[in-house]
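Taken from TrEMBL, the feature domain 'Glycosyltransferase family 28 N-terminal' covers 10-143. The feature UDP-N-acetyl-alpha-D-glucosamine binding site is assigned by TrEMBL to T16, G17, G18, N125, R166, S196, Q290. Per TrEMBL, domain 'Glycosyl transferase family 28 C-terminal' is recorded for 190-347.
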Amino acid sequence: MRPPTLPRLLIAASGTGGHLFPAIATAEQLADYQIEWLGVPDRLETKLVSDRYRLHTVKVGGFQQKLGLGTLKTLLGLMGSVFKVRKLLREGQFSGVFTTGGYIAGPALFAARSLGLPVILHESNALPGKVTRLFAPWCSTVALGFESATKYLKNAKTICVGTPVRSQFRSAPDPTALKDLAISKEAPLIVVVGGSQGAVALNQLVRQCAPAWFEAGAWVVHITGESDPDLRGLAHPHYRALPFYHNMAALFQRANLAISRAGAGTLTELAVTHTPSILIPYPFAAEDHQTYNATVFANAGAAILFRQSELTPDMLQNSVLTLLKERMRLDQMAERAAALAVIDSAEQTAQLVRDSLAPRSATMSKPGL
Ligand SMILES: CC(=O)N[C@H]1[C@@H](OP(=O)(O)OP(=O)(O)OC[C@H]2O[C@@H](n3ccc(=O)[nH]c3=O)[C@H](O)[C@@H]2O)O[C@H](CO)[C@@H](O)[C@@H]1O
């Protein structure tokens, strides 16, 4: 007897770690679905996803502010992508779409809804992205990373579930992890991270401040991103600079303090690993959404928020030195961060996917249909 085929789910997630990792974490909980992926050529998904899931790609881009030839080109491109995804969904007999927003969500949502298929959208930011705000009312369910996002999505069916984190963040700390970095076991550790692509301005600030932190006995692991022109700008026995690191869970678990941009993915991980932080939102992020994320953490007492435009190297250097001396304050910030964590977000999000797809999958699997 042939085994019953699993219902099929298309996941549309693309571009940055902040969009891909929550989608991967949710996919890891959906072994009862046959999953395929929708992304964009040449983005991070070609490295992170294609060895595990069949990856289909379409070209999508954002609309420019001014109307003109560029807008027309983007619109035609979008229509072409919608047709391509529609064909994929129909021929592949998919039961629905799960997306984490961003540009890829547009064609996925248009195509799915035009076929009457359910769409579940996860929005991890405190200020939902434009695509989410526009399309949320058309989704079966919109899962939110932050409760405060609800107020921007009044016409949608929303539910706060936190943001899913990868399995590495949900397993017990591995005592052999971080061996590759050969860092002191006892010294205070500062981890610097600028999102999945790194942050050159943050890197420059940190390099100016770090010598005083080394003097104070601290070590620094600095995730620089691939595009920093000054990658070898600092050398010290207590300093490790890396373009990207895969075991972020172990790194955050070990860190006494993180200095970070305020992408929703990283913030969620800092909460799950109870890591106190200094947050410097990326000032050019769409609609300044990272400041909204960081404000939630700062208001909760889990982080200190600095705007990049107002932050001098002296301010950053002294804040870190003060925090390193105030262990009780760091412990309190860690507790506040822990209070923001939703450990089972991946399971909750996966269940929302099942609930939205269930009636259709049940119909499709009835004999004779
Ligand atoms: C510049 C920008 O607009 N960034 C947005 C992007 O996320 P972006 O990817 O920039 O940033 P996030 O902080 O959300 O996610 C980064 C992810 O990459 C991982 N990581 C990072 C470095 C590394 O070496 N190894 C590693 O695994 C982190 O652990 C985290 O899971 O989408 C997020 C979700 O919509 C937004 O909140 C961010 O504002």
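Using the three backbone atoms N, Cα and C, a Cβ is placed for every residue, glycine included.
Structural mapping of features recorded in TrEMBL.
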residue	record	DSSP (3 states)
T16	UDP-N-acetyl-alpha-D-glucosamine binding site	coil
N125	UDP-N-acetyl-alpha-D-glucosamine binding site	coil
R166	UDP-N-acetyl-alpha-D-glucosamine binding site	coil
S196	UDP-N-acetyl-alpha-D-glucosamine binding site	coil
Q290	UDP-N-acetyl-alpha-D-glucosamine binding site	helix
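Of all Cα pairs drawn from T16, G17, G18, N125, R166, S196, Q290, which the record names as binding UDP-N-acetyl-alpha-D-glucosamine, the longest spans 21 Å. Applying DSSP to the domain 'Glycosyltransferase family 28 N-terminal' (10-143) sorts its residues as follows: 57 helix, 25 strand, 52 coil. Contact annotation for binding-site residues (T16, G18, R166) versus ligand 1: T16, G18, each with CB under 6 Å from a ligand atom. Within 10 Å of the Cβ of R166 (UDP-N-acetyl-alpha-D-glucosamine binding site) there are 20 other Cβ atoms, across all protein chains.
Neighbour counts of Cβ atoms within 10 Å were compared across the binding-site residues G17, G18; the minimum falls on G17. Listed in sequence order, G145, F146, A149, A264, H289, Y292, N293 are the same-chain residues six or more apart from N125 (UDP-N-acetyl-alpha-D-glucosamine binding site) with CB atoms under 8 A from its CB. When the binding-site residues T16, S196, Q290 are compared by the number of other C-beta atoms lying within 10 angstroms of their own C-beta, T16 comes out lowest.
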